[in-house]
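Undergrad: The annotation active site is assigned in TrEMBL to ASP86, ASP273. If you look up TrEMBL, you'll see CYS99-CYS105 marked as disulfide bond. Residues or ranges marked as domain 'Peptidase A1' by TrEMBL: 68-489. Taken from TrEMBL, the feature domain 'Saposin B-type' covers 298-338, 362-403. Sequence annotations record features per position, and here TrEMBL assigns signal peptide to 1-22.
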Amino acid sequence: MAFKYLLVVTCVCAWFASLAASDKELLRVGLRKRSLDINSFSSARIREAVHHLKPDTVYLKNYLDAQYFGEIGIGSPPQTFRVVFDTGSSNLWVPSSKCILSIACYFHSKYRSKLSNTYTKIGTSCRIPYGHGHIPGFFSQDNLRVGELIVKDQQFAEITKEGPLAFLAHHFDGILGLGFLNKSVGQVTPVWYNMIEQGHVTQKIFSLWLNPDPMSKVGGEIVFGGIDWRHFKGDHTYVPLTHEDYWQIEVGDILLANNPTGLCAGGCAAIIDSGTSLIAGPTKIVTQINHAIGAEGYVSYECKSIIHNYGDSIWEYIISGLKPDIICVDIGLCSHNRTYIKNDVIETAAHNESWGESRTKESPLCTFCDMIVFWIQVQLKQKNTKDKILKYVDELCEKLPNPVGQTFIDCNSIDTMPQITFTIGNKSFPLSPQQYMLRIEEGCSTVCYGGFVPLDVPPPQGPLWVLGDLFLGAYHTVFDYGNLRIGFAEIA
């Protein structure tokens, strides 16, 4: 990638020093591109070797723009593992040599403590949250190599059982969590904290760049302790964390082309999660996105029946000024005292690639009624007519996102699809169709997937977005631990 301008040497040195300090204070973790094809989409392993371009750089791989991972070493001599650098979790874990009853363990590298002369036994059992459940293991301690940097006495989890279906499809061995200590299982000190405490970095930041060029073998990099100014242009827009246990910020309204979707106009929570492939958000908005981009959805006859049987009544209630939250109660589809399933939904949301389940004890009819009321309100603000609005809402009932699978889109219509824009810090962050979809090619066959999946988290924790790699691939991101903020800038 070409440099934008030729600068005076002294200016370059001064700026670079302020952004990136010295080589000793930085650790770069590179990302390597992998071409997309249908066969590799379902393959069990990627067999390419990691190529080291610099002694202090580890070049990671990008699998289908959905799994970004790279090599680390645990032990002395180092045992190599492919891990995801995950801002949505806080623990380091890899499969253990004692994982013998799970098929998936035989397809991944396993840590063998007997081969390391710096291993320290801990042995405390643990259960690491992942997906819908937990994976069991126990804690150990050893030296950790990231690039040429050695983090001494790092505690990590040896996993003794992996879910065979989930992990057989993964092209990484484990997870290196870059989240906060408060959410670390067993209160184990995260790798990032130890990097700071052991003096490996002086600036308490790390930055992420994902290469938007699908033909490049270099997929991007993570820089610990600084920022690589070559990978962005303009200034970063910084926003404060709204929850000091997560890399969580507030986002405003989401726009389809220039049209508001409404739900987050007053602010929604968003977790910035490098360990998540796609973008997850409220069904009310994802359904509008599906309709706008022509994505396949599933038809809900319950949803359509509410429109046909109660559409006129809902319309009259709304224009008469009745509070939206009691309309569905008044027509008998929701109970008077609504209850929600109470659990730490934020903690599990960022690790779950199969979202979509409702976390309310209300009936599906109540959920659909609430969505219909919301959709009508949004359309009314755009001053559409009653017939047009009810027809549009009826069409939305055919575009509900599939909670258990990918959403297909027409590859031939990508150029006509609208931008989808997130509002962050009162600034617009648009995603083009090429940025919010996945395109997989094999010979003459091409399959395109939409990048949005449903995630419904009730108040007060929700509505919640999880902005994964599809969003991070569009913007250079700075995780500023020292000032508890996150910054976004346009990719250079």
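Every residue number used here counts from 1 along the chain in the order it is shown.
Including glycine, each Cβ sits where the backbone N, Cα and C put it.
Unlike curated entries, TrEMBL annotations are predicted automatically.
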Undergrad: Checking distant contacts: for the domain 'Saposin B-type' (298-338), what same-chain residues at least six beyond its ends satisfy Cβ-Cβ under 8 A?
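TA: Contacts with the domain 'Saposin B-type' (298-338): 360-366, 368-374, 376-377, 380, 386, 389-390, 393-394, 396-398, 400, 402.
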Undergrad: If you measure ASP273 (active site) to ASP86 (active site) at Cα, how many Å is it?
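TA: The Cα atom of ASP273 (active site) is 7 Å away from the Cα atom of ASP86 (active site).
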Undergrad: Count the other Cβ atoms sitting within 10 Å of the Cβ of ASP273 (active site), across every protein chain shown.
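TA: There are 27 of them.
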Undergrad: Inside 10 Å of the Cβ of ASP86 (active site), count up the other Cβ atoms and send me the figure.
TA: 24
Undergrad: Near CYS99 (disulfide bond), which residues of its chain come within a Cβ-Cβ distance under 8 Å, counting only those 6 or more away in sequence?
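TA: Residues satisfying the criterion: CYS105, LYS110, GLU158, ILE159, THR160, LYS161, GLU162.
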Undergrad: Taking DSSP states H, G and I as helix and E and B as strand, how many residues of the domain 'Saposin B-type' (298-338) are helix, strand and coil?
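TA: Going by DSSP assignments, the domain 'Saposin B-type' (298-338) contains 26 helix, 1 strand, 14 coil.
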Undergrad: Mean pLDDT, the domain 'Saposin B-type' (298-338)?
TA: 91
Undergrad: What count of other C-beta atoms do you get within 10 angstroms of the C-beta of CYS105 (disulfide bond), across all chains shown?
TA: 22
Undergrad: Which numbers of helix, strand and coil residues does DSSP report for the domain 'Saposin B-type' (362-403)?
TA: 29 helix, 1 strand, 12 coil
